[in-house]
Amino acid sequence: MPTIEEVTDDVPDNKPETKEKSYDEMTPEEREVEDAKLKAKEAAEQATLPYQWKQELGDLDITVPLPKGTRARDLIVKIQKKKLSAGLKGKEPILEGELCKEIKIEESTWTVEDAEFLYIHLEKVNKMQWWENVLTHHPKLDTRKITPNNSKLSDLDGETRGMVEKMMYDNQQKQMGKPTSDEQKKMDALKRFQAAHPEMDFSNAKIS
């Protein structure tokens, strides 16, 4: 008795897998779209936090909304070198955890304003580094996208300002897939050497 073979509509999927582009491989237009997506994602994540914060290279400020009529004596605020907690007495802390980086305790302060806001000022130990977040378990920011306030830059001494501007330039170059200032110096030095020694073959030269 002849057998009947089952016919299926399954067709082998021979489509090549589409590899997602890295940021360096994107066009300027694609990077702009990607940056906008990242900014929107970060804004949504930050909006879920029970506080708002902003930073400069040397310090950061946190604003915590409180019930109307709150006084300083109603709060428990603990500022440590690598930890922070703040909240109303007898209740769970509003924020508590390990700080992103170390702070200078003696220069960090807190105060209650308008009986409804807790302001916390933290002075950074490392004044050449952006923080990804206030507490390590909270959503992170992409620090490569942060640019310091020009008025704050003018407050820095010449050497420090130069280092900050170099860091900003190098970050921008990396985002565009271009060489950093140090890499550019090496490339320029190689070009000068090539010009001085045309008889030598530099086709396999690598810059590290």
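Don't overthink the numbers, they just go from 1 along the chain as shown.
Backbone N, Cα and C define each Cβ position, glycine as well.
TrEMBL: automatically predicted annotations, no manual curation.
So that you can see what the record holds, here are the features copied from TrEMBL:
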type	residues	note
REGION	1-31	region 'Disordered'
COMPBIAS	1-11	compositional bias 'Acidic residues'
COMPBIAS	12-31	compositional bias 'Basic and acidic residues'
DOMAIN	46-135	domain 'CS'
Checklist line | Per-residue pLDDT averaged over the domain 'CS' (46-135), given as an integer | finding: 96
Next item on the list: Using DSSP, tally how many residues of the domain 'CS' (46-135) sit in helix, strand and coil.
Entry: 8 helix, 42 strand, 40 coil
